[in-house]
Amino acid sequence: MITYEYGTTLLHQLDPRSKLLVQFGFAFAAVTTTEPAALVTLTLLAIVALTLARLSVFRVLWTYRFVLLLLGLAPLFASLKFGSPWIALEQAPPSILAGYQVVLVLFISAAYVKTTPVRETRAAIQRHVPGKAGQLLGVGVGLVFRFFPVLLRDVRRARLALRARGGDVLSTRERVRRLSLLTIEQAFSRGERLALALRARCFSWNPTLPQLAFTAPDYLFVVIGLVLVGWGVLQV
Amino acid sequence: MAGQYESVKLVGDNIVEYFAMAVIVATLTGAFAQVAFPYPFSPVPVTLQTVGVYLGGLLLGPVWGGLALLLYALVGTAGAPVFANFGAGLGVITGPTGGYIVSFPIAAAVIGGLVHRRVKPRPLDTVSIPLQVIGMLVGLTVIYAIGSVWLAASTDQSLVSGLIEGGVVFVPGDLLKAVAVISLVTGGHLARISFVE
């Protein structure tokens, strides 16, 4: 699992907005290109990003192993043909290439995830998505992040309790039914308490947000992001 | 940073209630995405993730259900490990399974729209059970339609083989989950939880 880890690298010090721009620009450029030369450049960029984030390639690949499994299966399905001769091997290479583009974006986004606390992304959302939608989305991101470990523990406890009471002999469907019901009931009673707590704390449409500020390296990253976006546009 | 010093504009009580439940449904979807159960034909773990989509649409209606699942997608993209196998980040969205995540808010809104036919959710015991079941099945179709097109596009295969890969990998487990949630609906359990007066 890759999540935010405290650090003092260059990427940690950047403003989340410049990192987001680079990330989206990179993803855009990566999915629009099929040129080998362009892919080599993007690969180098991805490796630089991983190095700056002090993240090993193998750790990223292991984290996303099930995504890789699906990507690995894709060329097999792509070479299926309906009707004689049933196999069209020439359709496999484009599929492998497309899978490689996905892996590159995984590298960049892993570097973002490791170096950016969720509260900074939340501040960027709340500041720049206009109106009440922006407020709700921003606060919502913060709250979901806060509640995730709590509900995960609830689900695990319910699972253990179910198992301790002989749940293993039940059919999968019945286990899914019981586990969902148990955790939904618990979660909704937490939701009611959350609503009360939000009201008690004067949940408002105009709160004071955490600070965000650009520093010198941010401008460089904004330029990189814009160049990547422009490159992606040229390739469309 | 410019602080705001004018008077505080409180969020209305009703909105706070729906919003808190949307947060809970989003979080629950993330927790369910980590519950893998064995399924013999699937190369990837089958998780309870889509149960969150059904809950969003059935209990919160089109707007708040859609918002709940949008929050789920945003939180995961922002870096919280809420996607399946504790995944996170934009790379998961642009990846082969990203279409399923993107389809969740749309599917929840569609389910909510069919079942409630207005913004404010109705109590579930006033909605006919066949309608709820149809809503869920339509929602599941939306998830597969968007998810398979995305899978096919992100791995450059034909739509048909994308549908087959997605279908072989995910459909059996998802049907089982739909059946389990339907039994919660027909048993009246969700109507009991449904919090609107």
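For all residues, glycine too, the Cβ spot is worked out from N, Cα and C.
Tertiary proximity for the transmembrane segment (B:18-39) is limited to same-chain residues at least six positions away from its ends with a CB under 8 Å from its CB atoms, namely 11, 45-49, 51-53, 55-56, 59-60, 64-65, 67-69, 71-72, 75-76, 80, 82-86, 104, 121, 172-173, 176, 195. Here TrEMBL flags B:18-39 (among others) as transmembrane segment.
What TrEMBL lists as transmembrane segment is B:51-74 (among others). For the transmembrane segment (B:51-74), same-chain residues at least 6 beyond its ends with a Cβ under 8 Å from one of its own Cβ atoms are 18-19, 21-23, 25-26, 28-30, 32-33, 82, 93, 101-102, 104-113, 115-116, 118-122, 124, 132, 135-136, 139, 143, 177-178, 180-181, 185, 190, 193-195.
The annotation transmembrane segment is assigned in TrEMBL to B:86-115 (among others).
Taking Cβ pairs closer than 8 Å, the transmembrane segment (B:127-153) reaches residues 50, 53-54, 57-58, 96-100, 102-104, 106-108, 110-112, 114-116, 159, 161-163, 165-167, 170-171, 174, 178, 181-182, 185-186 in its own chain, all 6 or more past its ends. According to TrEMBL, the transmembrane segment annotation covers B:127-153 (among others).
Annotation comment: TrEMBL describes B:175-195 (among others) as transmembrane segment.
Beyond its flanks by at least six residues, the transmembrane segment (B:86-115) meets 29, 34, 50, 52-54, 56-58, 60-70, 72-73, 76-80, 121-122, 124, 127, 131-132, 134-136, 138-140, 142-143, 145-151, 153-155, 170 of its own chain at Cβ-Cβ distances under 8 Å.
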